[in-house]
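These notes are about the structure you will find just below.
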Amino acid sequence: MDVQDNQILGMEKKHKLCFRSIQDMIPARAVLYLMSFSGFLVSFMMRTDINIAMVAMAKMRLRSENSSNLTELYCYTSVSNGTQSFEDQKPMEEGEFDWDSTVQSAILGSFYWCYILSQVVGGVLTQRFGTKTVFGFSQLTTAIASLLIPQAASLHFSAVIALRSLQGMASGLTWPAMYALVGIWIPSNERTRFMSSFQGFSFGIGLTYMVCGFIIGNYGWRVVFYMNGSLGVAWCLLWWLLAFDLPHKHPRITRRELNYINANIGENIINTKDLKVPWCSIMTSIPAWSIGITTFGRIWVHYTFIIYGPSYMKTILGFSIQKNGFMNGAPFLCSYLSSVVFCYAADFIIARNLMSLTNVRKMFTAISQVIPGLLVLTIGYLGCQITLILIIWFVAVTLITASYAGAMANVVDIAPNFAGHILAFAQTIHMSASFLSPLAAAIMLQDNPTLERWRRIFAVTACVACGTYVMYQFGGTAKEQVWNNPNRKNNSGSVRVSPENNQLIVNNKTDPERGDG
């Protein structure tokens, strides 16, 4: 029996070692990348599903004084027995609730009212409780609210607005929380590539439009909210098991990876829990304002596609709900791939010193909003040249992702220790475009979605996108700000966190061991 027991124990030990070796082959940073990607994917599925669902939820209200010339403003899709116009759509697609454009705009924009207000709160809560807790509970709250939206819609539109506002408040905590984790976990030479994980949101938007368009067309809009809410709850369970705030607290990280992270995260990355956040310096920082203002323009053009894209394809291009979902979703699915290409291209240019870091950030920022701003302007003047419209639509949406190698990555450049707080400040500025954009569109449409009114929307979008970039061109920089490390004022060396006891370590510039984990 002793021999048998020893053999069994040996086999169990061998299996454990084998499993451990497999675990060791997967870096903890890779798991964090996947959780970041999937987290933003699920988050944006829950926040954007209502954009496509609204096409089936609300009746399309058209002003009677223009009814005589509405037909000439719509494009038609060919079918075997003639043409199919807007009036020929299925009853399910005509909408269930009699909500006018003001109510629809309030529902679509309500998410972003509280989303903006919670940005600074997200930075403070992350500093206090850590990314794992803040990101996890914000996702859980958003998921539960998503599950309740179908009942709320049947009750009253104000109940939907309340739930969407709650989702916005919770989701506003996610970006500052994740940005704070980047400076601690990701080596400086990998940060731009890691930022591509944030493009899980583009994948989420694309998946939402394509899948939800199919689901709505076949099973009704309510199933969309039940599905996405359930996915959100399931993701929270995985996040709680796999995510950790600090590398040395990760139970499965290898010593080799931990040493690599500590040696490459940057000599001025410190534990900020005991530091006072330099809010005055952040709010008076020209680089921080430049990031916020220029990204306002990028968000404006982005949300013109995200929120009003389905409406344009329904009222002008005459697409069915399934075709609408597919055509709106495809560019966003490809946006993730384009973001990876842009981020790797930025790292390639930086690594070979082909351009300064500041110029790299400015170049990719210009690609992300100036070119899409000009492209969106052309859409309204192409009439019913649907193929050309879809090509331009596709190119514009995919180029927007270059921002994650531009201004959005610049947040970590200027102050990695306070990246979450800078993002909170910048997002308070630029995310106001997320509700101002649909509000402006609703005012210009006024229940009369003619092609001429859509041209006005696209013209305003182009002006905002191009105009706000000017601020970044003159005020943007990748230079680390002096207030990133307050300890530098009192110490001649750098400061970092000990992986053993979470204490601050001061490294003198003459220390030959400086930079070793």
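For all residues, glycine too, the Cβ spot is worked out from N, Cα and C.
Feature annotations, courtesy of TrEMBL:
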type     : residues : note
TRANSMEM : 30-47    : transmembrane segment
DOMAIN   : 35-479   : domain 'Major facilitator superfamily (MFS) profile'
TRANSMEM : 106-125  : transmembrane segment
TRANSMEM : 137-163  : transmembrane segment
TRANSMEM : 169-186  : transmembrane segment
TRANSMEM : 198-217  : transmembrane segment
TRANSMEM : 223-246  : transmembrane segment
TRANSMEM : 330-351  : transmembrane segment
TRANSMEM : 363-383  : transmembrane segment
TRANSMEM : 390-412  : transmembrane segment
TRANSMEM : 418-445  : transmembrane segment
TRANSMEM : 457-475  : transmembrane segment
COMPBIAS : 483-509  : compositional bias 'Polar residues'
REGION   : 483-517  : region 'Disordered'
Interface present between the transmembrane segment (418-445) and the transmembrane segment (169-186) (three or more C-beta pairs under 8 A): yes
Paired segments the transmembrane segment (363-383) and the transmembrane segment (106-125) in contact, 3+ CB pairs under 8 A: no
Averaged pLDDT score, the domain 'Major facilitator superfamily (MFS) profile' (35-479): 82
